[in-house]
């Protein structure tokens, strides 16, 4: 099924105060998440570095290290603007050429010390350039040891957020997340996914400008068809709801796992699997690529990387082990919302 994209003249116009409103929300989201994580950790506190970008803009980078729960994590807010659009944007939106741009967002990655607590990532962003604007973002979970109830809770939380705004959001954005967080050179997903969306501007279908229209996410979006009743306000409300879904989606998982005993075997496997996180972020991640292309703050861009990591040549998990279960079940796309749990 081929879905025609409406003419550019049909793009809904954002409000005149769009940039300020989104910026304020992204800052508030950073504040709320940091406060919630400090309470969850019970010991660690975030250190803040404010920075300015010579070409225009700046941000606040907050890092927590050596806490009771979090070995290292970062929550970053940024807003940047400029006249020269990066190649990654022009490739998608040639009509933005000749216009200045504005981008703002909040991103987060947490690397817990206990291998039974999953790593988690979040990012919500907004972009404007002349007649072009869009929202993007999502959240995904990367466990080291498999717990179906954790995967089900995380996915169910974000499905509920999606369903509050548009009933087909989760169906498309879950598949898009599975597609995006996939390491092609390894043939495996980065974790159990979550939701991911990009280029949402109220026109076209929900997989607007996605790279694989014939894949599962593109096909599901084609089944849904063009969504004609989404505008700037509705998409902004959706992004806000998703941002505030993170803490109730993740905190119960941490509470369940933080006191689970672990030893050197679990630690070594955690460090090995963290290598996949490094590989993805340096090879595939759009946010990393965009930040480096726009002369962003390198320390903030690379704050997603874990403090310790290791690689092992030709590693194979032991047959019948929980590590093997991770590979067999949890590093492949699954219907986690409907997964049976005890």
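Backbone N, Cα and C define each Cβ position, glycine as well.
Listed in Swiss-Prot for this protein:
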ACT_SITE  121  active site, proton donor
BINDING   107, 123, 124, 125  substrate binding site
REGION    277-312  region 'Important for dimerization'
SITE      185  site 'Important for dimerization'
Maximum Cα-Cα separation in Å among residues 107, 123, 124, 125, which the record lists as binding substrate: 8
What other residues of the same chain, not counting 107, 123, 124, 125, have a CB atom within 8 A of the CB centroid of the substrate site? 105, 106, 122, 136, 137, 287
What are the DSSP helix, strand and coil residue counts for the region 'Important for dimerization' (277-312)? 22 helix, 0 strand, 14 coil
DSSP on residue 185 (site 'Important for dimerization'), three-state: which is it? coil
